[in-house]
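Database features, via TrEMBL:
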DOMAIN    79-173  domain 'Glycosyl hydrolases family 2 sugar binding'
DOMAIN    205-290  domain 'Glycoside hydrolase family 2 immunoglobulin-like beta-sandwich'
DOMAIN    297-470  domain 'Glycoside hydrolase family 2 catalytic'
DOMAIN    639-694  domain 'DUF4982'
DOMAIN    735-817  domain 'Glycoside hydrolase family 2'
């Protein structure tokens with residue numbers, strides 16, 4: 001049988017900084033090295049190695065350089081260089097009947113591996129997973145793993161890409177004739193049991209109905225196989241497995257029939273563990289049984305229930321961690337999105353980590369996964385011709401058995417859009433994906449620009465590739481002519497995916513009624529105009545899918561602020577998202593919740609143009625609303641406000657006095673706006689459903705800041721929160737937030753003093769973050785200024801139980817303390 005173990009701990013790393021070169025120069029240098037027989041390992045001379053654990057992103061800890069090449073896209077982190085990683089891997093006794101495989105979740109980028117001096121292979125693309133067979137090189141005892149990671153070529157990517165071995169590395173010791181998870185494919189057919197057999201006393205919903213499931217498993221083997229299928233029930237962090245089903249097959253095929261199948265959806269995350277075994281090997285994978293139907297007229301149905309994708313686009317970094325994001329941090333981020341009513345993620349614009357997708361399966365998110373961004377016109381252009389097929393296979397084969405994946409994407413805003421050369425590549429990619437998985441729709445995310453062939457000079461990258469925010473005199477402006485180009489793309493893909501084109505949905509559907517429409521990128525607050533792509537029409541795009549059956553949803557750009565794609569120094573990234581890098585909500589988050597969530601919502605915020613410019617790109621921004629009621633600069637003035645609510649009616653009070661306002665249903669976009677006279681005190685908004693109070697929100701003018709307080713603190717003397725230890729080979733992170741408060745515990749939004757953090761016990765500080773994308777205070781410190789009254793610290797837990805005490809200090813403020821009890825499961 002096989003052995004598997006993570007090997008994330010105990011690596012060493014050294015960086016050889018360099019001046020960036022372009023792709024042509026890099027290719028020429030590589031050819032010269034091959035011809036001369038030069039060994040790049042001479043770079044190791046005089047390098048000083050330091051111990052690191054994986055995942056590791058060397059760029060996030062590099063100094064800011066506001067004049068660096070490609071600085072806006074890479075967060076002004078001076079990333080350029082060649083990283084060397086090495087590790088001693090002990091094999092107690094080499095088994096001659098086994099294969100030794102190393103599996104890399106992701107390495108950015110241009111990775112080359114040696115084992116005991118033998119060159120094993122290389123991998124170019126920084127986002128796809130890959131494996132290398134090291135059998136011939138390993139020996140009993142200690143083995144040296146050596147990896148070169150080349151980030152010397154500019155440009156890197158349009159967003160912050162990170163650098164290094166930033167995902168897990170796993171050693172797999174398998175039999176010669178072994179099962180390959182990427183060759184296993186699960187097919188399921190779901191049928192609803194007749195109504196007479198369903199619960200009569202319940203409304204016919206997914207949870208009340210009963211389903212049968214016929215499951216066929218292709219194992220990639222030609223010999224006898226056995227399969228065991230168990231339902232997983234997650235209760236209080238314990239995984240209980242019951243309802244066992246067994247199947248056997250003589251030709252590598254397995255068939256299960258489940259009479260009362262527990263189906264998966266974003267609301268009911270039922271999962272099964274499938275174990276497949278042969279005489280010599282055994283593997284397991286987690287699957288979800290669900291039926292997703294896409295009907296061109298009626299929309300998307302999950303297990304018979306009409307479903308809209310209430311989604312956000314994400315990039316894969318997380319503030320002070322860069323791209324070395326651990327499962328706990330992803331869980332926390334996804335939890336915040338779930339609280340807002342979000343049920344879908346567009347994994348922009350590349351293959352994501354398996355841990356991220358595990359959480360989407362477990363927590364209930366529909367995922368649009370795409371293999372790359374541009375084709376030949378962007379970063380991936382230097383790899384496209386040689387590697388597109390293997391990188392597409394790596395994504396689809398790895399993830400096609402997941403419940404959460406509902407749509408495959410094969411590109412985003414690519415070059416030469418709608419013209420013959422582009423359509424040929426689109427068909428090539430789509431056919432490849434269909435050959436690997438015919439159960440999911442395939443799409444391509446179109447930008448809103450099309451050019452006539454007569455206006456295109458294929459020798460100029462600017463002609464063949466146009467970004468969303470660029471408007472050209474040579475593009476097609478007539479909406480009907482534009483839709484005729486969309487129709488050509490629609491002939492190849494299964495869903496028409498539009499970036500920033502809500503204003504043309506009706507026309508597109510009128511001309512192409514046999515295809516569904518999906519908003520693959522939308523602004524969070526504004527829409528374009530029918531006669532002009534870029535406009536500040538106050539129509540919230542996320543609400544539009546609910547108006548049309550043929551529109552199955554949308555993805556806001558983006559759910560979180562992210563590093564890179566800056567509008568210029570000092571901004572180190574993209575701002576304006578519903579959630580900041582340290583999990584702080586902007587008011588627009590509650591606006592989205594009022595659209596997406598069935599939970600009663602009411603939220604009050606004020607428009608405050610005294611706040612600093614955060615460098616947001618105009619159309620992706622929303623009006624500057626803030627969560628406070630504190631204007632010390634004014635004596636008497638009128639303050640504009642916004643109330644987001646999904647309730648029948650809302651009552652507004654200032655210091656107990658009621659101000660009469662319209663119902664949300666009477667307001668544009670369901671958002672109540674108006675003015676209140678500034679006076680210190682308390683603003684209260686109360687939401688009513690069916691005549692009864694359903695929710696309320698209060699905003700209080702704070703007094704002078706006198707103390708710091710952790711969000712985790714309680715009213716009693718000592719607050720202890722509990723965290724369970726994870727797998728020893730994995731890093732485990734925890735983000736804690738502290739706020740400046742007055743004597744009554746009210747948050748002091750305008751406090752901006754510096755906060756210092758200290759930790760005692762089984763943890764260390766690995767970063768700080770205040771959510772200010774324009775702050776260039778280093779992440780890898782133990783202090784940072786408060787921003788909007790708060791700041792956060794990132795801890796890494798040691799692999800042992802114990803008590804962790806975290807302290808926060810600020811000049812003139814009482815210190816805060818919170819205690820984390822780290823326990824073994």
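Cβ coordinates come from backbone N, Cα and C, glycine included.
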Winner by Cβ pairs under 8 Å against the domain 'Glycoside hydrolase family 2 catalytic' (297-470), considering only 79-173, 205-290, 639-694, 735-817: 79-173
Number of helical, extended and coil residues in the domain 'Glycoside hydrolase family 2 immunoglobulin-like beta-sandwich' (205-290), per DSSP: 0 helix, 55 strand, 31 coil
The domain 'DUF4982' (639-694) - residue tally per DSSP class, helix then strand then coil: 6 helix, 34 strand, 16 coil
Reported mean pLDDT - the domain 'DUF4982' (639-694): 97
Secondary structure tally of the domain 'Glycosyl hydrolases family 2 sugar binding' (79-173) (DSSP, helix then strand then coil): 0 helix, 54 strand, 41 coil
